[in-house]
Structures are given as C-alpha cells and as structure tokens.
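*Asks:* Quick one: this structure, given as structure tokens, is what I'll be asking you about.
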Ligand SMILES: Nc1nc2c(ncn2[C@@H]2O[C@H](COP(=O)(O)OP(=O)(O)OP(=O)(O)O)[C@@H](O)[C@H]2O)c(=O)[nH]1
C-alpha cells in the first residue's frame with residue numbers, strides 16, 4: 001500500500017471514530033501516524049537531485065516573497081505589475097509552468113517575488129508539482145496567498161489545509177512546548193499551566209508512536225495534540241501570510257468591505273491597479289526588514305545604500321549589523337554611535353546588544369589599535385579618529 005493510501009485509510013478511520021474522552025488517546029495516535037507519513041511523503045524520491053526544473057531559483061535581494069494561489073487568480077498579472085517581469089498571463093489555467101522570479105524595488109531594498117505554479121488541491125499528496133512549490137514556499141520570508149475575490153471562500157481554507165499538511169504554519173507562532181530527546185531516564189512530563197487538551201498518558205502514547213522513550217517535555221501553554229506533534233516533528237515552518245483578494249473590480253462594495261476586514265487580508269485589483277501600493281507597504285511591514293545606514297566618520301551617511309537586516313523574532317542588534325559588514329569586525333568594535341528612532345539622544349553611545357530600528361544611522365568606533373602608538377586614539381571603520389565633531393553632531397541626520 002502506498003503512503004497516500006495509508007494516509008487516506010487513517011483519515012477514514014479518524015472520521016469513523018467518535019470524539020470523546022475514551023477515544024482521544026487513539027485519535028492522538030492516529031494523528032501522529034498521519035504526521036509521520038506526511039513527512040515521508042515530502043522527502044524527495046531516492047536518486048532525485050532535489051527541486052526540479054525551474055525551481056532552483058537563486059536567492060537574490062534582501063528577502064523572498066512567494067505568491068501562492070489557485071490557477072487563474074491573477075498571480076502572473078500581479079508579478080508583472082509589481083516587478084515588470086513578464087510572467088505569461090492567460091485566461092486558462094496552469095499558464096505558469098515554472099517558477100518565475102521578479103524583483104521589487106521598494107524603499108531602497110530589493111525583494112524577490114516568486115510566482116509559483118498554481119497550487120492545486122491535493123498538492124500535499126504529491127500530485128502535480130506540489131512538492132516543489134512547497135519547497136520554494138518554505139524558503140521564502142513571507143507568503144502572499146492570492147485569492148479570487150469572486151470565487152468561493154473555501155479556496156482559502158483548502159490552501160491553508162494543503163499548506164498545513166506539508167508543515168507550513170501560517171500566521172501562527174511555534175507552540176510553547178519544550179521538548180528534548182534524551183539517551184536515558186525515561187520520559188519526564190511537566191507543565192507550567194493547567195492542560196485541557198493533553199495529559200501525561202496521551203503524551204506518552206504519542207512519543208511511543210515516534211519510538212521515543214527518553215525525553216523531557218514541558219508544556220508552557222495549554223497546547224493541543226497537534227502542537228505536540230509539530231514540536232516532535234521539529235520541521236514545521238512558521239510563516240507570515242497575507243491573504244490577497246484580487247479581482248475586486250468584479251464584486252460588489254459590500255463584499256469588498258467584508259473581505260478587507262478579515263485579519264491579515266488585503267483587497268486589490270490588478271486590472272484597475274487598485275491598492276497595489278498598500279499591498280507593497282503591507283508586504284514590507286510583514287517582512288520586518290530594517291534598513292541601517294552606515295556613517296563613516298566625518299562624512300554624511302549614504303542614504304541610498306542601506307545595510308538591510310531582518311528583524312526576525314529577536315530584533316536586530318548592533319552585533320547583527322557588524323556581522324553583516326564583516327564577520328571579524330565584532331572583535332574590534334569599542335562602541336557604536338547611533339542616530340535614529342532607537343537612540344535616546346543623538347548620537348547615543350551603544351554596545352553590541354543595542355536593538356536597532358529601521359532607518360537608524362550607525363557609526364562604528366573601533367578599539368585602540370596597536371599601530372596607534374598608545375596615543376589613545378580610537379579608529380572608526382573609516383580609519384579616521386572617532387571623536388565626533390560639532391559639525392557632525394549638528395549634521396542633519398534623519399531621526
Ligand atoms: N477582472 C479581473 N481579472 C483579472 C485581474 N487580474 C488578473 N485578471 C485576469 O485573470 C486571468 C488569469 O490571470 P493570471 O495572471 O494568468 O493568473 P495566474 O494565477 O498566474 O494563473 P496560472 O498561471 O494559471 O497559475 C487573466 O485573464 C487576467 O487578465 C483583476 O484584477 N480583475
């Protein structure tokens with residue numbers, strides 16, 4: 001029996017099983033079985049080199065955005081409008097056969113936009129080019145799920161389900177469960193909050209299903225069985241997703257209003273070029289990019305060429321900025337001077353842990369160097385003394 005048949009069989013068994021206290025352990029085990037089979041399904045076939053034709057798209061620019069959607073929702077048209085790259089648009093399905101990259105130039109940054117082939121129901125089962133589409137989507141910073149505003153709302157649920165089945169978690173944060181496999185000692189199960197979905201027995205059964213007999217599990221939130229499976233699998237990708245409802249030119253104003261009010265959603269019309277600037281702004285915001293302008297001592301910063309960092313979950317610090325310039329630079333940094341919204345006063349002397357914000361200006365002051373002859377002068381990364389002149393302090397820097 002193939003993997004897909006096995007999954008179908010377990011799904012049928014789950015559908016047959018009544019959900020109550022007595023069956024929850026059995027259902028939990030079945031969920032774990034499905035998760036394991038789905039992971040197997042996503043592994044590339046033996047002997048294949050990986051992604052496949054048209055999918056080995058080199059990363060370029062400061063971030064990557066994937067366009068995902070059913071065929072003929074207007075992804076190619078959107079890509080062409082935003083990037084100027086021509087991706088063949090036609091009113092029949094499956095025109096996009098390979099992955100077509102385009103570059104968006106926005107706020108001094110370059111963002112790679114990928115038009116992925118129309119994802120279809122069943123992609124998670126290995127149908128069509130689902131596996132490749134999903135691999136590229138996982139390598140992106142955010143997903144734009146393009147939907148046809150005039151079609152059924154069910155499309156959004158189908159796509160979300162498909163993406164969940166392959167380990168993509170949209171607009172969710174990782175479950176607050178600490179999990180560590182051990183060599184000995186059995187299973188230690190603890191929680192810092194009362195649990196309503198999972199108990200010790202269920203946790204043991206799921207771990208048993210994965211043949212894990214020694215581990216530490218600590219629930220820091222009232223998580224579900226699915227969350228526990230996600231943590232054990234460890235290969236889930238948590239991504240931001242913006243739902244882009246295209247073709248609002250063909251629906252009524254009430255529907256436009258309803259769609260626009262849904263969380264993480266934006267309404268556009270490629271034909272009328274409506275709301276595309278909002279879409280760009282939203283995309284930028286969700287990517288969490290931070291532009292830092294480096295300022296050589298005694299000179300104005302170059303406001304056309306920022307260092308672009310991703311703020312991610314931990315924010316972006318002076319240390320990240322230095323590592324971006326050169327991996328050995330960090331050893332030589334004495335302190336940095338920061339102008340901008342993250343600074344309390346201008347300039348602020350900051351250490352490596354200082355969290356930078358978008359459009360900050362940074363000047364690196366290096367430690368005393370040996371060839372300095374002990375004269376006590378510090379060098380900035382431009383090799384000039386790091387003393388800040390009055391002229392600089394008054395310099396018209398952006399705040
Ligand atoms: N009414 C209307 N039609 C649109 C809009 N945007 C795109 N279309 C039409 O929708 C059809 C499909 O557009 P494509 O850009 O090829 O769609 P796609 O999602 O890339 O399709 P695949 O390549 O098959 O995945 C074309 O006929 C477009 O002219 C819009 O804003 N309003």
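The backbone N, Cα and C atoms fix where each Cβ goes, glycine too.
Predicted automatically and left uncurated, TrEMBL annotations should be read as such.
Take a look at what TrEMBL says about it:
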- 63-288: domain 'OBG-type G' (DOMAIN)
- 288-366: domain 'TGS' (DOMAIN)
- 368-399: region 'Disordered' (REGION)
- 388-399: compositional bias 'Basic and acidic residues' (COMPBIAS)
*Asks:* DSSP says what for the domain 'TGS' (288-366): how many helix, strand, coil residues?
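*Replies:* Counting residues by DSSP class gives 12 helix, 31 strand, 36 coil.
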*Asks:* Restricting to the domain 'TGS' (288-366), what is the model's mean pLDDT?
*Replies:* 84
